[in-house]
Structure formats: C-alpha cells, structure tokens
Amino acid sequence: MNAKEFLIELLKFKSVTPNDDGALNFIAMELSDFEAFFIEKEGIKNLLLTKKFKDEGEHLAFGGHVDVVPAGEGWSNNAFAPVEKEGFIYARGAQDMKSGVAAFVDAVKNADFKGARLSLILTSDEEGEAIYGTKAVLEWMQERDMLPDYAVVAEPTCVKKIGDSIKIGRRGSINGKLLIRGKQGHVAYPEKCINPVHDFAPVLKLLAGFDLDPGSAEFSPSKIVITDIRGGMEVCNVTPNDLKLMFNVRNSPDTSLEDVKSYVEKICHGLNYELELKQSSEAFLTNIDNKIVQKMNESVQKITHEVPELNTKGGTSDARYFAKYGVKVVEFGVCNDRIHAIDERVSIEEFEKLCLVFKDLIENF
C-alpha cells in the first residue's frame, strides 16, 4: 500500500495509551525485511525494527509513538474511523503522531540508504508516564551495543506550515511543591494566629514568574510558573493552618534542580516551610553543527522550500531519552495546530512532503 493508505490504516487502531491495539504488529508486517524485536516492560509494548546494510558506517534511527490521547466527546465523526475531506485526514493521532510514524515507515521502505544500519524505535507509552517505552528500548539496545549514532523523532514540530521548525533540543521540567505552615485560629484574634498567607505574601512576588537564568540563543529563560495555590477552609472566620503551592520550571541546561532549591530556600528564609522538588525530564541540546542537524536542515529546505527555525520550544518528548543515551537527535514533523484537539487532522500535502523529507535525509546521510 502507498503512504497515505498506510497512514489511514494506522489511524484506525484505537491505540489509546498504553494499548497499541495491534498497531505495532501492523507496522512490523509492513517492514517484513527488517528484524523485529518486541520489547515489553511492565506491560508496555514496544517495537524495535532494525536492518543492517553493511559492517562499517553510521547507524540512523527514527523514533515515534503509536499511542494517542483519548478522543473524548464532540467529534464530527468517529475519531478512529479516518475521514478524508478537503485535503485533510481527520482522526485521533493524525498529527500526533501517526503521520510521522507512517512517513518514516514509507521513507525506509523506499530510500536508498548508504550507511550501516537503519532502525525504527516505536512505543505505545509516550502520552502517558513514558517510563517503560522508548527509554526501555534504548536500554535494551545499549545492553547489546546497538545504540544508534543519530536519531530523528517525528513529533509534529511545525507551527504554520511544514518546514518552518526543527527542534534541536528541549527544556527540562522541574515540579515543585511548597508547604507554608501556620497556626489556625479565630479571625477576630489575628495576634493569636500564625497566618501562612500573610507570611508568604511578600515572598510570592519573588517567586511568581521569576527567571532563574537570562536564557540564551537556544533556550528561553527558566521561569518559575505557579500552577496552584490554596489555603484555608473556604470560610471567613478561620485563618488557614497552612498554605500549599505548586509550581513548575521549564529549565534550560543553565538551571538545575539545585539552583531552584537554593533560590526558594533563600526567599523563604525565616518561614516554617517544606519544599519538595522533582525533575521529571532533563534538558538537552544537539549542537547546530552536528551532522543530524545539518542534514535535516538541508532536506527540509530542499523539499519544503522553507528555512526552518532551529529551536527548543514546547514541552517534553521522547527525544530526551535519545539524548540521555548519547544519541544525537532532532525532531521534525507536520504542523501541530490540532494536536490533542477535537477533530484532529493532518494536511495530506504536509504528510506527503514529510515522507519526501525523510526519504531525502536517508539517501543523503
């Protein structure tokens, strides 16, 4: 089947995280000339497809996920019965990211690769906790000395049109919980209470929206963003016993968890508080002079006639795991204007260009 037909079939699988619904088997059958390794960990299904072309040379991999977020209510059609209409295909996962998966499957089928090995790393655990997916496959590959040299993750990176954005890194994510302790009491006797809201009020302006670093050419500043704050019992005559606050920092490599800890401790000095911090993902950056960045840039410009912005914007992705294992990685895919949305759709023209970009990359790597 051709690329569009393959995409439409792939979109029919109701592969809501972490259930692949048979999508991984379907892909393995399409690439029957590749070795297939089904790698399962803690009930999560993953698939490594790999093909050796020669003994010496470079190993290029593509990464992606077949799982999707739930469709929810309000769709014009069944979210898992793809509809082609006015140049678009409508279905859950059309942009995020079954179009990317279908594009690199088509590319590896049709491209003339001159390197040593091509691999496809696929998971059904990206939209969830993403602990036993791509990371588990890379761990398996490392144990067998099979790690790729370079990788492309086909996440939907473009903003307004195909070719306008390549991701060369991602910010990390640090989650924080702050508890300010007080002493509950009657509102008419504030002198007998310790009001944590009053105590914390001067500190709030030092925390909310604070930039922990100035940013760089590749990364925006690491900003403290408050996501939740609450205290009291929703009554007007009792002061709160404590104040609870949650925040997140999307951090660049210039700001660490220890930097966040030091700053919060400094501004909260003198308060009775507890701080809990957790790094949920690490920041990474692939140098713009690296071969994978240069070759991807060349292929994107050649096929789309756009000059892409090389950036690190957005949330986290499985590309961070490739970077953690020393693999030089970039991300490129279709536009992301409808990801996780009702009536998610992908432009057929964009998808066809993505197939050509990946084919050109493989043939000129």
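Cβ coordinates come from backbone N, Cα and C, glycine included.
Bear in mind that the values here come from a model prediction, so they are computed numbers and not experimental data.
Same-site candidate for Zn(2+) 1 binding, as annotated by Swiss-Prot with H65, E155, chosen from D33, D55, D96, D145: D96. Per Swiss-Prot, Zn(2+) 2 is bound by D96, H340; the candidate from E73, E127, E363 named for the same site is E127.
Note on the recorded positions D67, E127, E155: the fewest other CB atoms within 10 A surround the CB of E127. When each of the binding-site residues H65, H340 is scored by how many other Cβ atoms sit within 10 Å of its Cβ, H340 comes out lowest. Only H65, D67, from the recorded positions H65, D67, E155, place their Cα within 10 Å of the Cα belonging to E127 (Zn(2+) 2 binding site). A distance of 6 Å separates the Cα atom of H65 (Zn(2+) 1 binding site) from that of E126 (active site, proton acceptor). Among the recorded positions listed (D96, E126, E155, H340), E126 has its Cα nearest to the Cα of D67 (active site).
Spatially close to E126 (active site, proton acceptor) yet at least six residues away along the chain are T17, H65, D67, G133, T134, S317, D318, judged by Cβ distances under 8 angstroms.
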